[in-house]
Every structure is written in C-alpha cells, then in structure tokens.
C-alpha cells in the first residue's frame, strides 16, 4: 500500500490590515464559490509566487513599493512637476522701406514714423550689433568710393587712359607691368594723402559710440583709408590672431596704414616718400640682410619690394584664416542686429557673411537686419534678408539716432531748483491759469421703495411679526380708500351709441415654400402664390377601404371555378360589414369529398 502524501505545512494567514481589506474587498471570498473549497487551496509555494511575479514584472523592470518609490514621503511632500518651457512661435517678417532722400529741402519724415522708430530704437537699444561697412561711409569725409559714377574705377580709367575699367588698378597684375606699377604707385600715394587729411564723419562717431558702450560686437570694414581705426573704440590689430581675443574692427581688405615686403614679409608703417617713384621701393630689411651676407661671403638671396598691405584682386588674403575664425565666432554668438551700410556687396566672401548673419539674426524674435545705401541690394538671394531698407545717406541716419560722440563722457545733469528760483521763473513767465471744466453729472433718481435690510437678526424678526409697517406711498390711508378714490377719478367713457372700431385681427402669414439656393451663401425667395392658383382645388379621392380578414389580396379570384366571372354589383350595404359569399353550384368532385 502506497504511503499517503501529506500536504506541506503552511503558515497561518496574517490578519489583514485596514488598507489591505480595503483593496481586497472587491475580490470574491471562498464562500461565494458554488463548490466547497478549503483554505489550503489558496496557499501557494514560493516557486509559484516567483513565477507569478515574473509575469507581472517585465524584464529590466521591478515593482517598487510606495515607500521605495516616493522615499517614504507623501504626495504633498514631493517636489512639484517640472513645467514645460513655452516656446514662442516665429515672428512674422516683412520688409519695410524708409526713404531718407532730401525732399525739396525738408527733412520731415512724419509719414514714415513706424520705420523711423524701428531704425532709431535698433541703434539706441540693441546690445549686440554687427556692422558691415563699405566705402559709402567715407564719401562725406572726401574719400571717393569705387563703383559709383564719380568713383575710383571711373576716374582712374580716364586719368591713366586705361582700356579696361579702373578695377585693373586694384589687380595683382599691376606689378607685372611697369606702366601699371607707376600708375598704382601714384594712386596709392594720393589715397594716403586724402585719408590723412580727412576726419571721421558723424556716422564714424556713431559707430565709435556703440563701441565705447560695448554694444558693437564687430565692425567688418572693406575700406582701406583707416578712418575707423583712428578712433580708440574702433582700434584694430595687424596682423590678426587666428584665435581669440580679436579686436572690435576687422579690416577685410587691409589698410594703407601699413606696408609689407613681398619677400620677407617685413611689415612697417606706410611711408609715402618711398612710393614717390615709378617702381616699387626696396625693402630696408632685405637690404640689410643682403649686405650682411655679401660681407660674410655668402650668396645673395635677393631684395624684396615693398607694397601697401592691402588685398588686391586675384591674390591671397594673409588674414584669411583669422577672418574666418572671427566670422564663425560672431555667427555662433547670435547677434541681435545687423547693419549693412555703404556697400554694394560685390565681393563673394562678404555676400556669404551677410546671408549667414541675416539667417541667424532673423531667427531671434527681437532680431533686426537693416540695409542703408542709395541703391537696394542686388540679387534674388537678398530679397527676403532685411527687415528695413533705408534709402539715403548714412549721415542722415546718424543725425536721427542722436547719439553722443564717443569721447563725450558727460552724464545728463538735472539742475536742482530752490523755491526762490521757482518764484523767479513764475514772475518771468507770468501767471499761469489752467481752466478745468467740471463734467456734467447725471441726475440720480431717488429711490421711493423700501430698501433691503443689510442684516437680519432673530430679535428683528420677532419685532417684525408683532409690529406692522405702514406703506409710505399710502400716506396713512387704507387700501380700500385708495381703490375708491381711483374709481371716482377715472376718466368718463364715451357715449354708448358710438362704437369703437374693432381691432384688426392679425392674419397669419402664409408659409413660404422652401427657398431655392442658386449660389453659395445666396438664397432666392420663393414666388408668391397668385389668387388664381389658390382657386384651383385638388381632386378629391375616395378613401381606400381595408380588406376584411381572410379576403383575397389580389383582384383575380383564387380559384376560377369557385365563383362566376360576372360583373354583378354587390348589394349596397354599409361599409365595414362582412358579406357571405356562397357558390351557386358545387364543383365537380367536391360532392364525393363531402360524402
């Protein structure tokens, strides 16, 4: 006989806590099942519990108790949920135009007030401004530009009888021809003299003021006259460093302030006397080096030629790497304003810089890009790059901005006045009279009724139940007396013989037929019914009588032999009465069935 299997011992069930009973109250108890079950049937082994927990917990996750997940803290003690940052939508951009050209000697731009406010507020309030300037900002100082009708390209062509444009005088090929070299030397010498005699304009001082206020992030200039760098706030560094820090002014095409040797790259201050000759001057550093080598018995390496440190067409810019680093750093800094002034943007590198800065600045909600020149920008790539196109002279822009000079550090002073000074000013100006008209007050109707009491107490309610209040409108009279007096004072009616006309009865409007819709959001009215159409009566139709139960549902007889096919009229009777129909004779074969 096989030994009897014993059930594993189970631990006594713990008493449920109030929290556990609340969560398990919806579960069925063992007594609710139809079949008898023992308490041992609800006991599980440790392996079964681990298998059930693995089904609930996915791989890589674990269930935490309330104490573990919240660190034993209640919901009120937990930190508030992190709010999401609201990102504003892109600002709607449109290009505005401002015309500052002189109008018959008048300088009133009242009809362009929004554009003027945008121009002035940008220059006065923005903190990270980038300016890209051309030769147009120096024309007021007496320095000619390049591409205008009176520019250098036109004048040099006529002066030196050049077959091509005067642009050839700024090409690197000038040192390959002796005649072009002589013309180039003369041009450089004259430009240096004009730059030395000129002084900064109002627009230059405005830029310097922005620099002294630390609101000018960078000034990219294409000029070689060096007027900007003559002011300390706009000083530059030659040569530029590849890494930061960089100066505030970046000279994209060099300057006439320096000259450099084409061989040893020796750089020194520009000397006009050395260029007062048809050929290029020799480098003094190369002369000393060559003399030392000759005295020591070494072979000569040659003597280099000096030239102004400016960038000509078809040659490499010595500061190209440093300028590229500065441009990339300024684009990453995300300026809030761009001013392109006095340039036609014919240089490809400058065009790329303007496009990159415009896209970055206009992505900012408060970013503003401005173009200041006598002509609009050329090319479809600049059609949607600027918020404001200013047509006019940049000197007028500086006058409208009304910024102090860069070297004017005086602060606005407010004089303190004593009472004696105030009386003196009053005596000088005379008595002041201010007429103040009082507005008409609207009449307020007096309240004749009883006011609602502000508060109610039990004592007041008891007193109100015992005492009666008199109506002030009755003036101490009773209600019956008032009614009798109103009947006596009633106006006399007219004689009974004259009858008043009966009031006109309102005729019901005829229902209008459904209107026809001919076009979208347009409804045509239905035509009115004429009296002739109203007189036409509809034909009266007899009512359809219901068939009695068991009657044939078709017009033809069910069996041809059961009834005669004669059109005899049925006896007249009342509608709704049943009639008995019997045949005159019995059909063949029916008698046998009946028997």
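Glycine residues also receive a Cβ, built from the backbone N, Cα and C atoms like all the rest.
From a predicted model like this one, the values you see are computed outputs, not experimental measurements.
What Swiss-Prot records for this protein:
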type: COMPBIAS; residues: 9-32; note: compositional bias 'Low complexity'
type: DOMAIN; residues: 109-428; note: domain 'Deacetylase sirtuin-type'
type: BINDING; residues: 134-153, 222-225, 342-344, 373-375, 394; note: NAD(+) binding site
type: ACT_SITE; residues: 253; note: active site, proton acceptor
type: BINDING; residues: 261, 264, 283, 286; note: Zn(2+) binding site
type: COMPBIAS; residues: 445-473; note: compositional bias 'Polar residues'
type: COMPBIAS; residues: 478-492; note: compositional bias 'Basic and acidic residues'
type: COMPBIAS; residues: 530-543; note: compositional bias 'Basic and acidic residues'
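Structure coloured by features recorded in Swiss-Prot.
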residue	record	DSSP (3 states)
134	NAD(+) binding site	coil
146	NAD(+) binding site	coil
222	NAD(+) binding site	coil
253	active site, proton acceptor	coil
261	Zn(2+) binding site	strand
286	Zn(2+) binding site	helix
342	NAD(+) binding site	coil
374	NAD(+) binding site	coil
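Counted within 10 Å of its Cβ, the other Cβ atoms near residue 142 (NAD(+) binding site) come to 13, all protein chains included. Those same-chain residues not listed among 261, 264, 283, 286 yet with C-beta within 8 angstroms of the centroid of the Zn(2+) site C-beta atoms are 262, 263, 265, 266, 282, 284, 285, 287, 289, 303, 304, 305, 306. Among the recorded positions 253, 261, 264, 283, 286, the ones whose Cα is located within 10 Å of the Cα of residue 222 (NAD(+) binding site) are 253.
Shown are the binding-site residues 138, 222, 374; the one with the most C-beta atoms within 10 angstroms of its own C-beta is 138. Counting other Cβ atoms within 10 Å of each Cβ, the lowest count among the binding-site residues 261, 264, 283, 286 belongs to 264. The two recorded residues the residue listed as 'active site, proton acceptor' and residue 138 (NAD(+) binding site) have their Cα atoms spaced 15 Å from each other. For residue 374 (NAD(+) binding site), the nearest of the binding-site residues 261, 283, 286 in terms of C-alpha separation is 261. Rounded to the nearest whole angstrom, the C-alpha distance between residue 286 (Zn(2+) binding site) and residue 134 (NAD(+) binding site) is 35.
Among the binding-site residues listed (261, 264, 283), 261 has its Cα nearest to the Cα of residue 138 (NAD(+) binding site). Nearest to residue 342 (NAD(+) binding site) in space, judged by Cα atoms and limited to the binding-site residues 261, 264, 283, is 261.
Put simply, residue 146 (NAD(+) binding site) is 29 Å from residue 283 (Zn(2+) binding site) when counted between their Cα atoms. For the residue listed as 'active site, proton acceptor', other Cβ atoms within 10 Å of its Cβ number 17.
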